[in-house]
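One structure below.
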């Protein structure tokens, strides 16, 4: 089959989950509900952290950035899917597809970096509490977040430019509900070896850094917690990182199922459904995990609601 240069491609077709009208209506309602809950929850977390000066600490600075990344992450994919269902279309422009790929990779990797940074923050808070303010200075916090944004922006740009260099066959149907890197590579007529090599090297290196940061940080955290003599002290120390551990488990577990499962067990429909877990469900649950498990967030939420009641007519 003759290849077609990318400059002549005008659009791709996102096959999504189903072509049945009734199923699409159910999907539209479900995803719209999850999207609105996700956006409202994450924006509320950001609002609470900004308005409550007691939460102006490194831990909540990182949490606010994670909530922003979650809101942007889901906004990269779900609105386009909802719009396509609404107008009964599967099309996405070529430039729109590459743009979606860029921002998807940016925010998914940013989330991984922020989770690793938050693990380091918990390590310092629990293992070096007397030096916490000195180590986690405002300058370091801003540097860690800024570096995460910049590195992942460049990382995503590299993969998007490499994707732009490929040529595609006549089949432009993507068996997914958004433009992910694996489905796009499978449509290429050109040899994607360079793309796959760069993914293996850069993705493996960044993934290894994040995983090592998580493992080393929490190995030291648990070692320190076990040395605390009182049961109350252990519970208080563990409560500091329990929410973060829950979010890491959700994000990493669902991502691992999609990208690192054996090829023999993978199918397009299965991957699409599994992708929903880490692209939509996990970001939606994160605000609930942090608000339900974190006493300071719950207290700040109550104060915010109380202030609004007082000032309401």
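Just so it is clear, glycine is given a Cβ too, placed from its N, Cα and C backbone atoms.
Owing to the predicted nature of the structure, the values given are computational and were not obtained by experimental measurement.
Among the features that Swiss-Prot reports, topological domain 'Extracellular' is placed at 1-25 (among others), with the record citing sequence analysis.
Positions annotated as N-linked glycosylation site by Swiss-Prot: 5.
Here Swiss-Prot flags 26-49 (among others) as transmembrane segment. Long-range contacts of the transmembrane segment (26-49) within the same chain: residues 16-18, 55-56, 60-61, 63-64, 67-68, 70-71, 74-75, 78-79, 81-82, 85-86, 280-281, 283-284, 286-288, 290-291, 297, 300-301, 304, each at least 6 residues beyond the stretch ends and with a Cβ under 8 Å from a Cβ of the stretch.
Remote same-chain residues near the topological domain 'Cytoplasmic' (50-57) are listed as 64, 296-297, 300, 303-304 (criterion: CB distance under 8 Å, separation of at least six residues from the stretch ends). Marked as topological domain 'Cytoplasmic' by Swiss-Prot: 50-57 (among others).
Long-range contacts of the transmembrane segment (58-79) within the same chain: residues 31, 34-35, 38-39, 42-43, 45-46, 49-50, 100, 103-104, 107-108, 110-111, 114-115, 117-118, 121-122, 125, 136, 141, 144-145, 177-178, 247, 279-280, 283-284, 286-287, 290, 296, each at least 6 residues beyond the stretch ends and with a Cβ under 8 Å from a Cβ of the stretch. Marked as transmembrane segment by Swiss-Prot: 58-79 (among others).
Across the residues of the topological domain 'Extracellular' (80-100), the predicted structure has a mean pLDDT of 94. As annotated by Swiss-Prot, topological domain 'Extracellular' applies to 80-100 (among others).
DSSP assigns residue 189 (disulfide bond) to coil in the three-state reduction, outside any helix or strand. What Swiss-Prot lists as disulfide bond is 97-189.
Feature annotation from Swiss-Prot assigns transmembrane segment to 101-120 (among others); the stated evidence is sequence analysis.
The annotation topological domain 'Cytoplasmic' is assigned in Swiss-Prot to 121-140 (among others) on the grounds of sequence analysis. Under DSSP, residues within the topological domain 'Cytoplasmic' (121-140) fall into helix, strand and coil as 17 helix, 0 strand, 3 coil.
If you look up Swiss-Prot, you'll see 141-158 (among others) marked as transmembrane segment, on the strength of sequence analysis.
Among the features that Swiss-Prot reports, topological domain 'Extracellular' is placed at 159-196 (among others), with the record citing sequence analysis.
Swiss-Prot lists 197-219 (among others) with the feature transmembrane segment, giving sequence analysis as the kind of evidence. Counting same-chain residues at least six beyond the ends of the transmembrane segment (197-219), those with a Cβ under 8 angstroms from any Cβ of the stretch are 109, 112-113, 115-117, 119-120, 122-123, 155, 158-159, 162, 181, 241, 245, 248.
For 220-236 (among others), the entry in Swiss-Prot reads topological domain 'Cytoplasmic', with the evidence type sequence analysis. The list of residues near the topological domain 'Cytoplasmic' (220-236) in space but at least 6 beyond its ends in sequence, with Cβ under 8 angstroms from a Cβ of it, reads 122-123, 126-127.
Outside the transmembrane segment (237-259) by six or more residues, the chain places 66, 108, 111-112, 115, 118-119, 122, 125-126, 182, 214, 218, 221, 224-225, 228, 271, 274-275, 277-278, 281-282, 285-286, 289-290, 293-295 with a CB less than 8 A from a CB of the stretch. Sequence annotations record features per position, and here Swiss-Prot assigns transmembrane segment to 237-259 (among others) based on sequence analysis.
What Swiss-Prot records for 260-272 (among others) is topological domain 'Extracellular'.
Among the features that Swiss-Prot reports, transmembrane segment is placed at 273-292 (among others). Panel annotation: around the transmembrane segment (273-292), residues 17, 31, 34-35, 37-38, 41-42, 44-45, 63, 66-67, 70-71, 73-74, 77-78, 108, 176-178, 180, 243, 246-247, 250-251, 254-255, 257-258, 298, 301 of the same chain, lying at least six beyond its termini, place a Cβ under 8 Å from a Cβ of the stretch.
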Cβ packing number for residue 189 (disulfide bond), 10 Å threshold: 16
Spatial neighbours, same chain, of residue 97 (disulfide bond) - Cβ under 8 Å, 6+ residues apart: 11, 12, 174, 179, 184
Within the topological domain 'Cytoplasmic' (220-236), residues counted as helix, strand or coil by DSSP: 14 helix, 0 strand, 3 coil
Outside the topological domain 'Extracellular' (80-100), six or more residues from its ends: residues with CB under 8 Å to it: 6, 9-16, 24, 27-28, 31-32, 35, 160, 163-164, 174, 177-179, 184
